[in-house]
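If you check TrEMBL, you get these features:
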BINDING   R82, P83, A84, S85, G86, L87, G88, S89, S90, A91, A92  ATP binding site
DOMAIN    62-141  domain 'GHMP kinase N-terminal'
DOMAIN    199-273  domain 'GHMP kinase C-terminal'
Amino acid sequence: MDRIRVKASATSANLGAGFDVLGLALDEPYDVIEVEPADRLAIKVIGVGSESIPLDPERNTAGLVAKEMGRDVLITIYSGIRPASGLGSSAAPAAGVAFAINELFSLGYTREELVPIAARGEVAAAGVAHADNVGPCLLGGLTIVCGGQAESLEMPEVGVVAIMPDVKVSTRVAREALPACIPLREMVQNVGKACMLVAGAAKKDPYLIGRSLADSFNEKYRSPLIKGYEGVKAGAMREGAYGVAISGSGPTMIALCPRDRAKAIEKAMRDEFLSYGISCESFVTRVGRGVKII
Ligand SMILES: Nc1ncnc2c1ncn2[C@@H]1O[C@H](COP(=O)(O)OP(=O)(O)OP(=O)(O)O)[C@@H](O)[C@H]1O
Ligand SMILES: N[C@@H](CCO)C(=O)O
């Protein structure tokens, strides 16, 4: 094989209480990434937000991954995920390139083993090697990452509505909004919610998953960065969403819902943002299955 082309999709990290641990793969939007052997490591970016994506391999998540894997390659990223929106835009190229290099050079890593390698690419974007976006991007479904290990659970069939208000919140800034310590009571509530969410996926119970999205950490400290958050969430719940969460570090909000309610929920959430004078992009999708060769 002299060149490989993969589809690496958007992801939604945290899912409320699962801060830096849980992540959900989405089917759309996605990046298409091509990788081919070259004399030196180089990166080209075309598409959504390309002007804000660094070409220097040291500052690009995909470049750091290729360096980590010790391969000189030309990486072409056809970007389809808006940067700094909370949908894992920096993770998709990292996961995509880890997967592509593994296939191209027949390195023999499992998808699970690629998770910590791809996570180190995130240092270029977030300053830390968090795996809660690269995990679901590689494995699909609902992913749990912990101490370099990654596990994935199949989700029940749900619709996913994502609303991206026209506001930029970088992961770095959103991480600074979080306290270093939280009260014991909040910690206990969050552990409970995260465990209930995983139980919901294991039991294929979308109502339990939805109820478990409300947390007292990510939402409490980061929702003030998203003007209109409470109204938008209420609009989605009124139209039948199972639950709502900030996607990753925001400002995108996602609602999980019955698939036949998704369009009405999308409209309600958009209308709420507009009532605060905030324009937004939005889309309806489903749970993704992980990076694949196309
Ligand atoms: N390969 C890459 N693709 C996209 N962004 C990158 C890449 N490498 C570095 N970046 C930087 O990361 C920034 C986006 O990362 P950030 O983590 O803030 O957003 P996100 O991935 O959309 O959000 P989240 O991690 O919350 O889901 C970009 O503005 C860009 O400067
Ligand atoms: N867990 C990270 C992910 C960002 O996508 C954060 O919320 O800061």
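Using the three backbone atoms N, Cα and C, a Cβ is placed for every residue, glycine included.
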Residue, out of the binding-site residues G86, G88, whose Cβ gathers the largest set of other Cβ atoms within 10 Å: G88
Under 8 Å by Cβ from A84 (ATP binding site), same chain, sequence gap 6 or more: G49, S52, K168, V169, S170, T171
Where R82 (ATP binding site) sits in the secondary structure, as DSSP reduces it to three classes: coil
Additional residues surrounding ATP, by Cβ distance to the R82, P83, A84, S85, G86, L87, G88, S89, S90, A91, A92 centre under 8 Å: A10, I81, N133, G248
Helix, strand and coil residues within the domain 'GHMP kinase N-terminal' (62-141) as assigned by DSSP: 42 helix, 7 strand, 31 coil
Residue, out of the binding-site residues R82, A92, whose Cβ gathers the largest set of other Cβ atoms within 10 Å: A92
Set of same-chain residues at least 6 away whose C-beta sits under 8 angstroms from S90 (ATP binding site): T61, P83, G121, E122, A124, A125, A126, N133, T171
Of R82, G86, G88, S90, binding-site residues neighbouring ligand 1, Cβ under 6 A: G86, G88, S90
DSSP helix/strand/coil residue counts for the domain 'GHMP kinase C-terminal' (199-273): 43 helix, 9 strand, 23 coil
